[in-house]
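**Student:** Sending over a structure as structure tokens; questions will come in a sec.
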Amino acid sequence: MAARRGRRRTCETGEPMEAESGDSGSQGGAQVYLPGRGPPLREGEELVMDEEAYVLYHRAQTGAPCLSFDIVRDHLGDNRTELPLSLYLCAGTQAESAQSNRLMMLRMHNLHGTKPPPSEGSDEEEDEEDEEDEEDRKPQLELAMVPHYGGINRVRVSWLGEEPVAGVWSEKGQVEVFALRRLLQVVDDPQAMATFLRDEQARVKPIFAFAGHMGEGFALDWSSRVPGRLLTGDCQKNIHLWTPTDGGSWHVDQRPFVGHARSVEDLQWSPTEDTVFASCSADASIRIWDIRAAPSKACMLTTATAHDGDVNVISWSRREPFLLSGGDDGALKVWDLRQFKSGSPVATFKQHVAPVTSVEWHPQDSGVFAASGADNQITQWDLAVERDPEAGDAETDPALVDLPQQLLFVHQGETDLKELHWHPQCPGVLVSTALSGFTVFRTISV
């Protein structure tokens, strides 16, 4: 289930998320529900999804939950808004036993938009047509899996020319690279899938592996500017640079980038400079590095206390010189890299009431970003939104009065949210993973 904040990008107000009570004697009927603001859900109350707040909404489960996934860029075209939608995800499981884990390729297709509510005067004939239509509108999922020993902490996908690959951080302390071409083929072709399951699945191995981190980690990012260039960071505070070699392999520099005092939580290459990257850490800092310097001297800028506690995630805008961060303190902060030396963010938002688990800028809309938290909220934001002074005090609900103007939408109903990504080719489409499974949705706000 999910719910919306109610403000569109134009600052109109609509029906927000509601909690409904099964108690006929309860006062007030449906009420706005926001974690950490107002009373908690009482016994007998449940969140009710406002379907009119979504253009698209689908859920999928794959067995063992996935801590991390990435969207695979495909050849179906950019700026796709026509429904039904098709998309490809690469994900890794966190199963109860090490040998039960899988690296997976998912093809989700026939993803139709949300249906408008039935009109009051609909008759039986229309109902029968609706049932037939319902069958045609069923979402489809194809799944190709390969064995992976150990839970998968993070997955990131890149294209090396025409070859798609996945970088995989294992809880067993090594980083592996898997070729994805065959997995993409078999989720598109039932005959190829049958051959794969029969003859190939059990034999799939990584094309490269690095065990020099001496422990597990989570941070991993492919360069968008230099194909094959990779950064990996571990819980022992070390960051290593991978450089692709001519033979389709990698050279991993054994000298780590030194600077952080605790676990490296996330890494982001600059989208505009080949040699620059950012890192964040459980030591509360964010650092900017340049790989042209020796690893021990490569840290160029530091904000030592970026958050009150661990900095979990960062995202580097492809449109503006902005870095977005989320921490254990539940705060979302926007950093202008032109003023990074000041140590002060240009914006701070506090909507989440638990650690932020994922952040990402919208790939096309420069001021828009999304975040997920351990409070089971996904929030959508727009830095460009300002309250319309002529609209008056339309939002009379006390739960909404103190919300930040830039908060567009709050999605709820997931359990133990871990990661989200905007689809780079389908504007406004968000995909998330949680203990409760995958969710694909687009809101009316973005």
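Cβ atoms here come from the backbone N, Cα and C positions, even for glycine.
Just so you know, TrEMBL annotations are computer predictions that nobody has curated.
Remember, predicted model here, so these are calculated numbers, not experimental data.
According to TrEMBL, the protein has these features:
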- 1-42: region 'Disordered' (REGION)
- 45-112: domain 'Histone-binding protein RBBP4-like N-terminal' (DOMAIN)
- 110-141: region 'Disordered' (REGION)
- 121-135: compositional bias 'Acidic residues' (COMPBIAS)
- 257-292: repeat 'WD' (REPEAT)
- 304-338: repeat 'WD' (REPEAT)
- 349-383: repeat 'WD' (REPEAT)
**Student:** Can you tell me which parts of the same chain pack against the repeat 'WD' (257-292), counting only residues 6+ beyond its ends and a CB-CB cutoff under 8 A?
**Tutor:** 217-226, 229, 231-241, 298-318, 323, 325, 327, 335, 337, 340
**Student:** In the same chain, who gets a Cβ under 8 Å from the repeat 'WD' (349-383) while lying at least 6 residues past its ends?
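**Tutor:** Distant Cβ neighbours of the repeat 'WD' (349-383) are 5, 9, 35-36, 310, 312-320, 322, 324-334, 403-404, 406-422, 424, 427-428, 430, 432, 434, 443, 445-446.
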**Student:** Residue counts in helix (H, G, I), strand (E, B) and coil for the domain 'Histone-binding protein RBBP4-like N-terminal' (45-112), per DSSP?
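**Tutor:** Residue counts for the domain 'Histone-binding protein RBBP4-like N-terminal' (45-112) by secondary structure: 6 helix, 36 strand, 26 coil.
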**Student:** Tell me, roughly as an integer, the mean pLDDT over the repeat 'WD' (304-338).
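**Tutor:** Averaged over the repeat 'WD' (304-338), per-residue pLDDT gives 98.
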